[in-house]
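TrEMBL lists 5-167 with the feature domain 'CSC1/OSCA1-like N-terminal transmembrane'. Among the features that TrEMBL reports, domain 'CSC1/OSCA1-like cytosolic' is placed at 188-345. Look at TrEMBL and you will find 357-624 tagged as domain 'CSC1/OSCA1-like 7TM region'. The transmembrane segment annotation in TrEMBL covers 6-27, 99-118, 144-166, 359-383, 403-431, 451-470, 551-583, 604-626, 632-650.
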Amino acid sequence: MDIAALLTSAGINIALCVVLFTLYSVLRKQPSNRIVYFGRRLASVQLRSNNDDPFSLERFVPSTSWLIKAWEATEDEILAVGGLDGVVFQRILVFSIRIFSIAAVICMFLVLPVNYYGKERQHKRLGAESLDVFTIGNVQEGSVWLWAHCLALYTISCSTCALLYFEYKSITKMRLAHLKGSQTNSSHFTVLVRSIPFVPGESYSDTLKKFFTTYYPSNYLTHQMVHHSGVVQKLMDEAERMCKMLSAVSSDGGSLRPFCFCTSSTLSFHILSDQPESVDQPESVDGSIRYSDFEVAPPDNECPVAFVFFKTRFAAVVATQMLQSTNPMLWVTEQAPEPLDVLWSSLSIPYKQLWLRKIATLLAAIVFMFLFLVPVTFVQGLTQLDKLSKTFPFLRGLLKKNYINHVVTGYLPSVILMLFLYTVPPAMMLFSSIEAPVSRSGRKKSACLKVLYFTIWNVFFVNVLSGSVISQINVFSSVRDIPLELAKAIPTQASFFMTYVFTSGWTALACELMQLFTFVCNLIKKFILRNHEDAHDWLMSFPYYTEVPRVLLFVLIGFTCSIMAPLILPFLLIYFFMAYLIYRNQMLNVYIKKYDSGGLLWPVVHNTTVFSLVLTQIIALGVFGIKDSPVASGFTIPLVVCTLLFSEYCRQRFLPIFKKASAQVLIDMDREDENGDRFEEIYDRLRTAYCQIQLTSHELRPGRAGTRVTDATEDIPGSGGPKTGSFLRGVLRWARFMCPLRRAES
């Protein structure tokens with residue numbers, strides 16, 4: 001590929017981004033699109049517009065106000081609306097911007113000139129110059145200038161390790177603060193018990209109560225059984241029909257409310273008063289029925305799964321860390337997820353089936369990965385016109401045209417690959433659902449890892465080692481040849497990765513900003529079906545399982561191409577800056593927070609970044625060997641060893657905080673609650689915390705704690721424009737953004 005083809009791909013994608021950004025800045029001002037572009041704010045406060053004038057000119061003028069608001073948003077605001085998971089995702093982007101800013105400076109001014117003038121040759125005009133002359137492949141074998149690449153590799157590696165350490169340390173402190181700040185989190189007192197043994201003549205509930213009152217007499221509080229989901233659905237349908245029959249009762253002062261899945265002895269419907277005390281307090285003065293007085297399923301429909309509540313956090317953690325029986329397949333305990341994080345459909349699946357499901361999904365994912373080699377190989381064929389012309393002779397005349405040539409080689413391959421990759425996240429989410437995780441966050445983390453491994457294998461390794469499927473298998477039949485093969489292939493595939501950054505990076509971000517699918521559905525609903533009500537059922541949480549692998553893939557591409565083909569670094573920096581602003585805007589306006597895993601994705605990010613760095617060093621070692629530079633190769637070996645030692649230190653120092661709870665923190669929290677006489681209030685809340693039939697969506701309650709209500713009306717159509725910050729505040733914001741030491745010291 002030459003410079004002209006690269007510029008053609010860049011021009012097409014820049015034009016698409018400009019069009020989509022312009023459309024977004026106009027469409028977001030239309031009152032009919034509020035649920036699409038301001039879903040989170042509309043869910044956190046009941047907003048009524050004061051200016052819906054259809055002839056207002058301001059509504060049809062593009063503006064950059066959303067960029068200003070996204071830039072001026074503080075980390076505390078992101079923490080309030082997106083939780084610690086949202087802050088961790090933003091830290092990934094900030095880390096990427098910092099490290100690739102360093103890499104771009106040193107590689108563009110030191111490595112790129114060495115690559116360009118690495119061989120004595122007659123250079124063409126810039127537009128007709130091949131991209132290969134900007135890669136390390138253009139450096140003469142045995143050249144003394146390879147020290148520049150070794151120096152750049154050392155600078156990038158040391159900077160990466162330093163920044164990773166500061167980020168890991170800072171996020172660990174934030175996770176501990178998150179744990180200490182969640183005093184009312186019911187999951188701290190709750191243990192999920194699975195594989196309860198069947199005892200003839202006893203229900204699962206009686207068996208569980210007898211077991212825990214025998215072995216945990218001083219710490220056991222109560223428990224709540226899980227019922228088969230089919231029973232739950234049947235009861236929901238019956239309740240809906242009953243509510244329709246008794247809808248007239250609400251006009252008499254009472255109201256019908258859905259009830260949760262708790263234990264008692266009554267099976268009848270009751271009219272609950274509108275007073276909150278009748279629901280929250282264990283006993284109501286006026287004699288109204290509380291939610292925990294209902295039992296909606298007989299014992300025959302119980303699953304061998306239950307939530308067991310303990311009197312202290314420390315007792316619950318101790319119960320999860322020990323075997324409860326001599327048979328490890330019985331009385332299996334683990335820390336319960338947050339109430340809104342529970343995946344109820346997975347709890348009814350027998351525990352003994354889980355390992356079979358994991359093996360089945362692993363095999364299915366491997367088969368899907370190899371089937372994906374077909375479109376990837378086809379895409380790589382488009383980048384090689386000589387092979388394409390031989391395979392399809394009727395295209396020779398068409399491919400001789402410059403514009404068609406530039407589009408086919410520079411734009412079409414990455415677009416086709418991106419379209420095929422859109423099928424990967426739903427497939428991996430399906431595989432993760434089959435594994436039956438107990439929490440939604442666990443399912444998303446599992447899907448995130450699958451998508452990450454899949455994209456690294458197919459987008460990076462398969463594209464780098466392009467060719468037929470048989471040749472790729474032959475390449476990996478000899479492990480010793482992998483570094484050499486990668487060292488030969490990466491400089492030649494740098495042009496494809498550049499175009500991939502344009503399409504799957506720039507244009508995909510513009511599509512994320514536009515929310516194309518939700519926008520089209522909203523358009524059909526309001527202008528074709530004539531339903532003008534804003535349905536909150538459309539609100540979604542942030543798709544970490546698709547966006548985290550995408551960002552980490554670009555981190556991998558950036559590291560491996562930094563000294564091999566540094567021309568890609570400015571394009572990657574543009575992507576990370578765009579992602580930083582766009583994702584902040586989406587978190588502030590679009591996506592809601594249903595639950596918070598407490599930043600559990602950061603160890604995945606850290607390990608993937610270290611893997612990318614070590615892979616870069618191994619590839620550089622192979623390149624230095626090919627280029628006959630023993631000095632550079634000798635200096636690279638200790639760099640690999642030091643990076644692995646750094647990774648092991650971080651694993652020992654920080655990773656346990658993300659896997660286990662600290663006894664010191666939990667005991668201190670228990671003592672604070674005991675001294676403040678808050679345990680009774682917590683126990684009352686525990687009895688109705690885990691409801692298999694949810695009452696309402698927590699994110700739809702107006703004036704919810706932690707939400708800045710005054711901010712919810714800013715920059716929404718019909719409620720006034722944004723307040724632009726001063727120039728000095730912007731300068732200070734940039735200084736804080738680029739300095740990681742401030743967070744590490746705080």
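Placement of Cβ uses the backbone N, Cα and C atoms for every residue, glycine included.
A TrEMBL annotation is a machine prediction, not a hand-curated record.
Remember, predicted model here, so these are calculated numbers, not experimental data.
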Can you work out which residues elsewhere in the same chain, 6+ from the ends of the transmembrane segment (144-166), have a Cβ less than 8 Å from its Cβ atoms?
95, 98-99, 102-103, 106-107, 110-111, 114, 118, 136, 559, 562-563, 606, 609-610, 613, 616-617, 620, 623-624, 627, 629, 631-632, 635-636, 639, 643, 646, 650, 740-741, 743-744
Tertiary contacts of the transmembrane segment (604-626), defined by C-beta under 8 angstroms and 6+ residue spacing from its ends, are 88, 92, 95, 136, 141, 146, 149-150, 153, 156-157, 160-161, 164, 168, 445, 448-449, 452, 483-484, 486-488, 490, 548, 552, 555-556, 559-560, 562-564, 632-633, 636-637, 639-640, 643-644, 646-647, 650
Grab the pLDDT values for the domain 'CSC1/OSCA1-like 7TM region' (357-624) and give me their mean, rounded.
83
